[in-house]
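This report refers to the structure that appears directly beneath it.
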Amino acid sequence: MSIMDERLLSGESAYEDADLEYSLRPQTLRQYIGQDKAKHNLEVFIEAAKMREETLDHVLLYGPPGLGKTTLANIIANEMGVNVRTTSGPAIERPGDLAAVLTSLQPGDVLFIDEIHRLHRSIEEVLYPAMEDFCLDIVIGKGPSARSVRLDLPPFTLVGATTRAGALSAPLRDRFGVLSRLEYYTVDQLSAIVERTAEVFEVEIDSLAALEIARRARGTPRIANRLLRRVRDFAQVRGNGTVTMEITQMALELLQVDKLGLDHIDHKLLLGIIEKFRGGPVGLETVSATIGEESHTIEDVYEPYLLQIGFLQRTPRGRIVTPLAYEHFGMEMPKV
């Protein structure tokens, strides 16, 4: 099992998150907290499409995991007053799988493809005419007698979500009329989300406790809600049920989540570079071997937050731990 699968601070969705996220999910843009730039633009594009009685242009949502891409896709469908059909890149293995989904759509529907960067190129080619001309080219028969038949599709909106926009092919990326990058949330925004989630849980929470959870949630709502669930457990077992500052600090310390939202994996990565490679530079593959995790997981899951808070640098020569990280661990940088 990958250590990411057990990680409390992973932005990736876990099985136990699914039902919770559905119950917490806002239904409209007005209810949606954060992502103001993306939200305001979508409000305009949706309203304009409704005024023209057209489908919304295809939308690409990209950014780190756990920031609300799936939630926004569902909100887009709600705001347009249409149904949403959800699938993912890995689930579409053959062109026929995509054809089955496309032909089941009703006029105006939203098709949400999560992890769209994982679509095979042969499937992307089927998607091009569907996105551009609302038609589907299928091949009937094999060999010399094979012929291509074009089927008309109802107008629809494709909403694609990805954590790796750069992995999309240029022809696919260019077919999206709306591109929205989702950013990490501020502490105040996350605190508001934590308090809203506490209301849904019917648990009392101090405003200072909500802020403390928000500060350690790595700018990610999914992590904030997950931390609140665990702190709530401590409040019920070790306290009187109210999530106080004292309970929150105790719980997060026992969960090995430090004041900046770093956990044992972050410590292992940073301290591994500091102690074994004098802070770097060190290559990604070497870091991978050092902590026993795949390089793409390090690059896509672990490093973004460390880069965001300035604890790590990516350079042509490799990864370098910054003075801020040394200061956080109470260590002195080696002299050159």
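Positions of Cβ are set from backbone N, Cα and C atoms, glycine also.
The region 'Large ATPase domain (RuvB-L)' annotation in Swiss-Prot covers 4-185 and rests on sequence analysis.
The ATP binding site annotation in Swiss-Prot covers L24, R25, G66, K69, T70, T71, E132, D133, F134, R175, Y185, R222. Taking a C-beta cut-off of under 8 angstroms and a sequence separation of 6 or more, Y185 (ATP binding site) has the following same-chain neighbours: G34, Q35, L67, I193, G219, T220, P221.
According to Swiss-Prot, the feature Mg(2+) binding site maps to T70, an assignment based on sequence analysis. DSSP classifies T70 (ATP binding site) as helix under the three-state reduction.
As annotated by Swiss-Prot, region 'Small ATPAse domain (RuvB-S)' applies to 186-256, with the evidence given as sequence analysis.
Feature annotation from Swiss-Prot assigns region 'Head domain (RuvB-H)' to 259-336; the stated evidence is sequence analysis.
The DNA binding site feature in Swiss-Prot is assigned to R314, R319. Other Cβ atoms within 10 Å of the Cβ of R319 (DNA binding site) number 25 in total over all chains.
Taking only the Cα positions, the spacing between L24 (ATP binding site) and R319 (DNA binding site) is 38 angstrom. Between the alpha carbons (Cα) of G66 (ATP binding site) and R314 (DNA binding site) lies a span of roughly 23 Å. Each residue in the region 'Head domain (RuvB-H)' (259-336) has a pLDDT score, and their mean in this model is 92.
Sorting the region 'Head domain (RuvB-H)' (259-336) by DSSP state (H, G, I as helix; E, B as strand; all else coil) yields 42 helix, 9 strand, 27 coil.
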